[in-house]
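Here the structure comes first, spelled out in structure tokens, and everything after it is commentary.
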């Protein structure tokens, strides 16, 4: 199945026709949905690839977001090269989620930087895109080197390179540096204070780059951390564990406060990602069934919600030609349909029912309360500030005296509404198909 997906994606690279590419990506999404539905038990293929429910879910999310980012970028320069970058990112992400070896995962984990950097530099909006790309590369490459060192050290100590097994003769001294080995995943999530590259990359990236970055690329950190922690033996009472979770939750709350003070729409959505992914880190590091389930649900919900919010920011940017909140007021006067979609996505962003974010946060809150009452208190503050910045986003863009130029609802904005609705529907109804 994985090989057929790879061959199909390579074939799509040579397709220049928009309709043919969309049909091809749609077929791949349907195939990956089938894989997610049948791969409820882990199966390893040829020692290189593995199939399980999490893998199928991440591949489905990758291709689904890739299709929607494709639709949101109908009018871009150098269309053929742009299509090549988007499909290359999708192919590398599919391979990242499919492999069963930590070394192969590291290879694809790093390979996604090349087309993503070209996408930001080649189709970014401002001259600062070179600096943003440099920040992204330096941060992620530096952190992932510790992961490569850690996997090599564990392999030499007796651990198998497979994600599904661990050797019994691994030295405890090698396990003791687990907090250093996961630095690359913490940067990719990103966790506070390793998040500074994310707002810069989002601000300078085109809409497809922002949607893929927030919707899928950040999930590489959570997915890799989930796989790596399954083979590690970590004490929940160790000093590094408690310190890491404390800084993570405090940083998530601080990122929420930063959202309320933002004046740039893209920065607001980017900082909200830092706040939400801190919940994923708590769920994965708890190493409990409830916490891991909550982390996976939040990753899927955040991938759909954040990608939709970036698509909404792009839709109103095309009308106002500005990302500033003060320049995008009065949306109800010009395009009430987009405002309605903003309300739907903002309510899902604050974990309003019946979104996936609500179910994931319930699981993570339960694990946080089981671990510490202080963690539960901070989680409550994070939930409150999440509602504040979601309402701040909706209220700032929807009400007030409008300064945008009035435009009729043309074919372009109809496509934007379709893309936004395509994000919201699975975000709020996918829970009915949860196993």
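Each residue, glycine too, has its Cβ placed from N, Cα and C.
Here is what TrEMBL records for this protein:
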{"type": "DOMAIN", "residues": "101-383", "note": "domain 'NADH:quinone oxidoreductase/Mrp antiporter transmembrane'"}
{"type": "TRANSMEM", "residues": "7-33", "note": "transmembrane segment"}
{"type": "TRANSMEM", "residues": "53-73", "note": "transmembrane segment"}
{"type": "TRANSMEM", "residues": "80-97", "note": "transmembrane segment"}
{"type": "TRANSMEM", "residues": "103-125", "note": "transmembrane segment"}
{"type": "TRANSMEM", "residues": "137-158", "note": "transmembrane segment"}
{"type": "TRANSMEM", "residues": "178-198", "note": "transmembrane segment"}
{"type": "TRANSMEM", "residues": "205-226", "note": "transmembrane segment"}
{"type": "TRANSMEM", "residues": "238-260", "note": "transmembrane segment"}
{"type": "TRANSMEM", "residues": "267-286", "note": "transmembrane segment"}
{"type": "TRANSMEM", "residues": "292-313", "note": "transmembrane segment"}
{"type": "TRANSMEM", "residues": "325-347", "note": "transmembrane segment"}
{"type": "TRANSMEM", "residues": "367-394", "note": "transmembrane segment"}
Per the definition of 3+ C-beta pairs under 8 A with sequence separation of 6 or more, do the transmembrane segment (267-286) and the transmembrane segment (53-73) touch?
no
Residue list, the transmembrane segment (103-125) vs rest of chain: Cβ under 8 Å, 6 or more residues beyond ends.
48, 76-78, 81-82, 85-86, 88-89, 92-93, 95-96, 132-133, 136-137, 140-141, 144, 147-148, 151, 161, 163, 184, 188, 201, 203-206, 208-209, 212-213, 217, 220, 224, 227
Taking the transmembrane segment (178-198) as the first stretch and the transmembrane segment (367-394) as the second, find out whether 3 or more Cβ pairs fall under 8 Å, excluding pairs closer than 6 in sequence.
no
Below 8 Å between Cβ atoms, which of the listed ranges 53-73, 325-347, 367-394 makes the most pairs with the transmembrane segment (205-226)?
53-73
Quick one: do the transmembrane segment (367-394) and the transmembrane segment (53-73) have at least 3 Cβ pairs under 8 Å, skipping pairs fewer than 6 apart in sequence?
no
Quickly jot the same-chain residues contacting the transmembrane segment (137-158) by Cβ under 8 Å, restricted to those at least six beyond its ends, or write none.
102-103, 106, 109-110, 113, 117, 167-171, 174-175, 177-178, 180-188, 194, 196-197, 224, 228, 231
Range from 238-260, 292-313, 325-347 with the greatest count of C-beta pairs under 8 A to the transmembrane segment (53-73):
292-313
Surrounding residues of the transmembrane segment (325-347) on its own chain - C-beta under 8 Å, 6+ positions past either end:
262-265, 268, 305, 308-309, 312, 315-316, 319, 355, 390-391, 393-394, 396-404, 406-407, 409, 413, 416-417, 420-421, 423-424, 427-428
Positions on the same chain near the transmembrane segment (238-260), where near means CB under 8 A and six or more residues out:
178-179, 191-193, 195, 268, 271-272, 274-279, 281-282, 285, 371, 375, 378-379, 381-382, 385-386, 388-389, 392
